Amino acid sequence: MAHSHSGSVNYFESANKVIYEGKESTNPLAFKYYNSQEVIGGKTMKEHLRFSIAYWHTFTADGTDIFGAATMQRPWDHYKGMDLARARVDAAFELFEKLDAPFFAFHDRDIAPEGSTLKETNQNLDLIVDMIKDYMRTSGVKLLWNTANMFTNPRFVHGAATSCNADVFAYAAAQVKKGLETAKELGAENYVFWGGREGYETLLNTDLKFELDNMARFMHMAVDYAKEIGYTGQFLIEPKPKEPTTHQYDTDAATTIAFLKQYGLDNHFKLNLEANHATLAGHTFEHELRMARVHGLLGSVDANQGDPLLGWDTDEFPTDLYSATLAMYEILKNGGLGSGGLNFDAKVRRSSFEPDDLLYAHVAGMDTFARGLKAARKLIEDRVFEDVIQHRYRSFTEGIGLEIAEGRADFKTLEQYALNNQPIKNESGRQERLKAILNQYILQV
């Protein structure tokens, strides 16, 4: 049997608890910028950032890729089956404690293996959920969100809620039903829907409208069941444009918002936005965050980064200060993420295979967003962008512009104005100047 919650397990024995040592520190296992109790704008860094560790990349990923076998050296991997599942829970809560991480997130199949039947699978899940619940009680770590893996098993080859097979739709419903019960039991602050295989490869064999209708039916059923059992966490939907299907239905923030509004789901769902998925969609991360924010639908963040030179989801740990600063700017302008957080949906590189690399990676990501938070806060305090934007759009605060903004103008009055107007004069957007100022703020904090 694997160890249970006994306190005797020590999978990361070479590392002490990671503490804040300041930017002069040369200790790779110390925070240089993330000082959890430092107060910024009335909230601690811990409250602003709400860091979460992703169970799948951190404790189940083994480094396998399409060109090669597993590389990861994990001291718990000699266990099998349910013993392995238990050992991973021990390892997880040890790492949470060493990083002082307040939250974690998981797919159902990350934490417990599938059995030969759905009933057996659910029994496996119940055993591990009980163990996690014990650890949560004693550690104070909370569940940011859980979700259902409806993409790995071959039954989902044609999708889950968008499958052409009604038996698969029914199985997926049973799986999410269990997921919502798990969310309630563990006090998950959110529940995520990522349409792993909800999309298509070719329109030649696809009834696109029927699949979208079915996906909406599925989500309405989930909303109804959450109400029935009294689960009050925030529902989140996560956009991604492609991979594993050619065309994912929840392509990006704008597409997903249109879907939610079309099917009357926008009062029940917000968006869980991932940086790498924005890259795949041809957007900056801050574009996706802004799009969700202006629609009042920014819910949570999967903090990672992609490689713009590659056309697939690389899920690297976030170390780009520029992107992190602009992301935190959007989050602060949103008044925070509410029940959401910054979940490190990120994996160490295949060649970073030692257990300590998990610590180095999370320290890097946490420091990056701490620095981004401080720079973004200063930018907002100094109204760097706000004053520029206010000045740039000032023509809409008086005269004909004010008439337009207040809805008092029409095509006829605007034509009359245009006919009598002197030559139009535009002003420079001063983009380069703004980028230089942004760099200055990032470098100074």
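The backbone N, Cα and C atoms fix where each Cβ goes, glycine too.
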Fill in the blank from the handout: Among E238, E381, E386, Swiss-Prot assigns to the Mg(2+) 1 site of E274, D302, D345 just E238
Problem - Those recorded positions listed as H107, H277, and which of them has the most Cβ atoms within 10 Å of its own Cβ - result: H277
Exercise for the section: Excluding E274, H277, D313, D315, please set out which residues of the same chain place their CB within 8 Å of the center of the CB atoms of the Mg(2+) 2 site, keeping sequence order. Expected result: K240, A275, N276, T279, L280, D302, N304, G306, T314, D345
Problem - Residue pair H277 (Mg(2+) 2 binding site), E238 (Mg(2+) 1 binding site) - Cα distance, angstrom, rounded - result: 9
